[in-house]
Amino acid sequence: MITQEHPKAVIVIFGATGDLAKRKLFPSIYRLVQNEKIGNDFAVVGVGRRPWTNDEFRSNVSDSIQTAMKESKNLDNFTSHFHYHPFDVTNPSSYLELNTLLNELDGTYQTEGNRIFFLAMAPEFFGTIAQNLKIQGLTDTNGWSRIVIEKPFGHDHPSAQKLNQEIREAFNEDQIYRIDHYLGKEMVQNIEVIRFSNALFEPLWNNRYIANIQVTSSEVLGVEDRGRYYENSGALRDMLQNHMLQMVALLAMEPPIKLTTNEIRSEKVKVLRALRAISEDEVSDYFVRGQYTSGQLDEQQLIGYREENNVADESQTETYVAGKLLIDNFRWAGVPFYIRTGKRMAAKSTKIIVQFKDIPMNLYYKKGEQVAPNLLIINIQPDEGVTLQLNVKKDGDAGDSKPVKFDLSSNFLDGLNTPEAYEKLIYDCLRGDATNFTHWDEVALSWKFVDPISQAWTKGKAGLATYPAGSMGPKEADELLEEDGNEWWPVY
Ligand SMILES: NC(=O)C1=CN([C@@H]2O[C@H](COP(=O)(O)OP(=O)(O)OC[C@H]3O[C@@H](n4cnc5c(N)ncnc54)[C@H](OP(=O)(O)O)[C@@H]3O)[C@@H](O)[C@H]2O)C=CC1
Ligand SMILES: O=C1O[C@H](COP(=O)(O)O)[C@@H](O)[C@H](O)[C@H]1O
């Protein structure tokens, strides 16, 4: 339910001295103000343990915005809305002092008792914070209270369920906003529009016309300074369980009867329920995992994953995963959804490629050449837009065809000023629109699908392939598609 178009609220950021707050949250709030999505009736309270003053906090916020934005104006006025309140979140009595501050700011900024608690901290604190907020009365106001939970939401299904129970003891499902920042990306949100508002695509969007769908999210970056977290996560939990499965759900869902949060979620849930479960013994038939070794990209030498900080010498953690998903319903029976994601690959690229089936008869058989399949390419990042691969007549040769790419990206004019994913998601949360956040049912089903895969890998039931940093992943991932007579389409 959308509560306010021009929302007012106090936003409490737990973990305000951390990396996510600095790189994403402060600049996003700044853009919301610049774009007049929120007015002057807001305040931000930062929580961390560092003994900073308000001035130190504001100067950190200011730096973050200057780093993130080409141009920044009115920074002093903007940062005057930021307040810092240091405490250890495991200390229950500190929440009472925080409440006093929030009540005070509520009066100063006329925020009508509306509060967002944004948990930008390690997941082991999520349950404790949620429960203290409730027990110490911070959710008991005249306005609304919402809690935003960062990923990872659990480590597997049992841990996610436990965490969910802890949060649900303090907040109702409709107050919980589980972030999947891919759902805030402009072109991910465009999947529904491209599908459901074009007569050209929707009639073809099924197993009669589509041969396979490929979803790639490749990164050039390595594990950076997140080795400790990543060692316990790997690409399967870090990217596939959440972002990749969410994109598959949007691609495969039935048209919702209305564009409401519940109807869309309910269709996504049906897709996740229809995902063919893979048993531990079948994992290597459907999934490939890989780890980057040293390599080269753009003449730069890159170290291997095992040489990164906080990574074990014999680490078995996958930095790459590719898989074949089957969706057992009438629409998708027999259509493989190939997905792959990895770090230290040749290019940063997130793309969805829909390959249509061949036409029934090839009239353009000269020289034994095949007619190229039609492709619909949804470019999510770094380029945004849509590309169509069609066949046209080969120059000067009446009996032959050639594939041509029609790039429709320049028509996505809004793309020139695309809001950051976090900017949209914070705004949605302020307005009470949870459509682009994940419901517990989606999280639970995703973990149930992923758990046997990670268990098989932990038990060593499938090998760990390697790939040189700067490449497009291990050859075993190519073989996965070759077995079906398919290949990965280029993504950069
Ligand atoms: N960074 C990123 O790009 C992304 C991060 N995330 C998720 O966001 C969350 C935060 O990540 P990130 O910002 O990178 O983490 P950081 O390690 O950079 O920051 C952790 C924050 O938690 C605070 N903190 C830790 N312990 C306590 C405590 N006992 N009491 C009060 N504050 C505490 C720290 O404050 P202090 O040191 O002052 O105590 C710091 O502000 C994680 O769940 C992560 O998985 C998700 C996607 C991307
Ligand atoms: O959630 C995560 O996403 C990023 C990739 O996000 P993108 O928007 O740059 O595609 C990934 O680097 C990180 O490991 C993961 O936690």
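Including glycine, each Cβ sits where the backbone N, Cα and C put it.
Where the annotation comes from TrEMBL, it is an automatic prediction and has not been curated.
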Field: Matching residue for the substrate site, where TrEMBL names His181, Lys185, Glu219, Lys343, Lys348 - out of Asp238, Asp328, Asp358
entry: Asp238
Close recorded positions near Lys348 (substrate binding site), where close means Cα within 10 Å, chosen from Thr17, Val89, His243: none
Task: Could you tell me which of these binding-site residues, Arg49, His181, has the greatest number of Cβ atoms within 10 Å of its own Cβ?
output: His181
Field: binding-site residues: Asp19, Glu219, Asp238 - member with fewest neighbouring CB atoms within 10 Å
entry: Asp19
- prompt: Which entry in the list of binding-site residues, Ala21, Val89, has its Cβ near the fewest other Cβ atoms, using 10 Å as the limit?
  reply: Val89
Local Cβ density at Thr17 (NADP(+) binding site) - other Cβ atoms counted within 10 Å: 19
- prompt: Compared by Cα position, which of the binding-site residues Gly15, Thr17, Asp19, Arg49 is the closest one to His181 (substrate binding site)?
  reply: Asp19
Query: What's the longest C-alpha separation between any two of Gly15, Ala16, Thr17, Gly18, Asp19, Leu20, Ala21, Lys22, Arg49, Asp88, Val89, Lys151, the listed NADP(+)-binding residues, in angstrom?
result: 21
